[in-house]
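Feature list (source: TrEMBL):
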- S130, E201, H229: Mg(2+) binding site (BINDING)
- R364, D378: ATP binding site (BINDING)
Amino acid sequence: MSRARSHLRAAFFLTAVSPRGATSWIAARRELSARPAPQEPGMEYQDAVRTLNTLQTNASYLEQVKRQRGDPQKQLEAMELYLARSGLQVEDLDRLNIIHITGTKGKGSTCAFTERILRNYGLKTGFFSSPHLVQVRERIRINGQPISPELFTKHFWRLYHRLEETEDSNSCVSMPAYFRFLTLMAFHVFLQEKVDLAVVEVGIGGAYDCTNIVRKPVVCGVASLGIDHTSLLGDTVEKIAWQKGGIFKRGVPAFTVLQPDGPLAVLRERAEQTSCPLYLCPPLEALEEGGPPLTLGLEGEHQRSNAALALQLAHCWLQQKDHRGVGEVKATRPSLLRQLPLAPVFQPTPHMRRGLRDTEWPGRTQVLRRGPLTWYLDGAHTSSSVQACVRWFRQALHRCKEPGSGTEVRVLLFNSTGDRDAAALLKLLQPCQFDYAVFCPNLTEVSSTDNADQQNFTVTLDQVLLRCLEHQQHWSRLDEEQACPEPGGPTSLLLAPRPAHSHSTSSLVFSCISQALQWISQGRDPVFQPHSPPRGLFTHPVAGSGANVLREAAAIHVLVTGSLHLVGGVLKLLEPSLSQ
């Protein structure tokens with residue numbers, strides 16, 4: 001450990017700091033339901049978030065899930081007990097019209113498209129998603145907007161005290177883990193706010209996910225599937241599909257996008273076992289026939305698949321609302337009929353078109369143009385999503401390129417967490433031909449004590465810094481492999497020549513996002529204007545020479561990707577209004 005840390009400091013200067021039974025619960029529910037929200041001194045929003053952060057037992061919780069994943073029913077039973085202690089029963093959730101969406105890539109974007117479409121019909125919508133980018137209240141939305149700090153604080157303390165007062169002395173876990181708590185809180189908010197429908201994004205899992213306590217969703221969706229969270233979901237996409245298909249419910253219509261044959265067959269099997277009618281979404285082109293092209297508020301070709309799924313989910317709910325059923329299936333691709341019946345092909349309404357066009361989902365294929373700097377933000381963290389990110393980034397570069405516009409510099413800002421294969425993700429990013437690769441933890445500042453929304457108690461500062469060093473070492477090896485291809489290799493696959501940069505002159509590690517952005521922007525971003533950097537921060541030769549290049553460049557293109565938490569930290573600094 002100490003040797004690696006010494007290596008890290010030698011590579012670059014770092015500024016860091018040390019781091020009762022169910023019956024009694026039901027009875028308590030009746031008593032507590034009439035109580036007003038607690039109004040104790042000091043119970044402000046930041047205090048609520050700091051208390052919420054004490055429930056960050058994600059690592060130990062996931063280990064427990066991995067041990068018990070053969071019996072997902074235990075997970076749901078535990079969630080039912082927490083629900084009862086919070087003052088609700090599963091039957092109460094049946095009153096909510098919930099659209100349940102899972103997947104490994106694009107499920108958040110699909111949720112955002114779906115919610116925006118249905119809000120255009122004048123419906124009052126709820127939206128539960130994960131993770132948050134800047135403030136935790138982003139996870140629970142009413143009519144597309146994060147709930148206010150006041151509403152978050154009120155519901156948080158009401159739920160927290162209910163769980164405290166109904167604690168079972170025989171239980172070793174009195175409080176649910178972080179994500180479970182927020183899931184419970186979202187249900188309470190949606191019921192109290194009397195939403196017409198709620199779009200709920202499934203967490204990491206499927207069958208054992210705590211959102212799967214919902215037993216009567218109005219419709220389910222499965223976005224693109226790929227390899228992710230292998231230690232939890234399984235090491236093949238078929239195993240992952242089996243877990244994700246665990247949200248299917250008897251008689252509840254479900255839709256999925258085009259998947260590889262293996263996962264598609266698994267989803268079909270899951271649907272047959274639960275008597276769930278499952279349909280394959282036709283491509284967006286099929287819904288555009290006979291009308292003008294659809295305009296999407298989210299960039300990237302891969303968003304068309306998410307939009308196609310969102311249209312089917314919204315269309316299905318609207319038909320149910322009007323008591324018309326799912327509608328007839330029109331099979332336009334006989335070769336796919338053996339896999340799944342094709343979902344209806346219909347003409348998108350003006351409300352649907354405006355919904356797709358007006359969808360906003362920060363941190364996903366988002367572009368911020370600020371003077372000479374253009375920031376490209378996309379929280380891609382799986383192989384398939386990084387490939388889509390690379391396609392989007394290169395297309396965006398091509399669109400904005402102006403002949404004879406001067407020197408252009410490309411910068412990668414990257415971090416990854418969890419059990420993801422960072423080396424594989426970085427290799428996929430190589431074709432973007434970055435001039436500099438910058439690595440930093442998902443910390444806006446070295447110390448996050450003043451910003452509860454950004455606190456993470458599941459890892460230490462040493463752990464995240466060492467992971468950044470590993471990312472830098474992976475990048476070094478990839479650079480060497482690219483600079484010295486194997487003799488006789490396929491020259492057609494070589495990248496177009498660009499100015500050579502060895503590892504020692506092209507990659508840097510910073511101890512927080514703020515320091516990384518200070519170096520990248522060199523004071524040229526009109527909004528991000530921090531105080532002077534810590535003394536000696538940029539004295540490393542690479543930082544010094546790179547600073548000159550960045551100050552003189554006519555255009556600086558920065559891709560921020562790898563972790564949604566990294567993207568969130570960057571957005572917090574580049575868009576201060578999001579913290580208001």
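Each Cβ is built from the backbone N, Cα and C atoms, and glycine gets one as well.
Here the binding-site residues are E201, D378, and the one whose Cβ sees the fewest other Cβ atoms within 10 Å is E201. Looking at S130, R364, the binding-site residues in this record, the fewest other C-beta atoms within 10 angstroms of the C-beta turn up around S130. Between the C-alpha atoms of R364 (ATP binding site) and S130 (Mg(2+) binding site), the distance comes to 13 Å. Annotated pair E201 (Mg(2+) binding site) and D378 (ATP binding site), C-alpha to C-alpha distance, rounded: 18 Å. A separation of roughly 15 Å, to the nearest angstrom, links the Cα atoms of D378 (ATP binding site) and S130 (Mg(2+) binding site).
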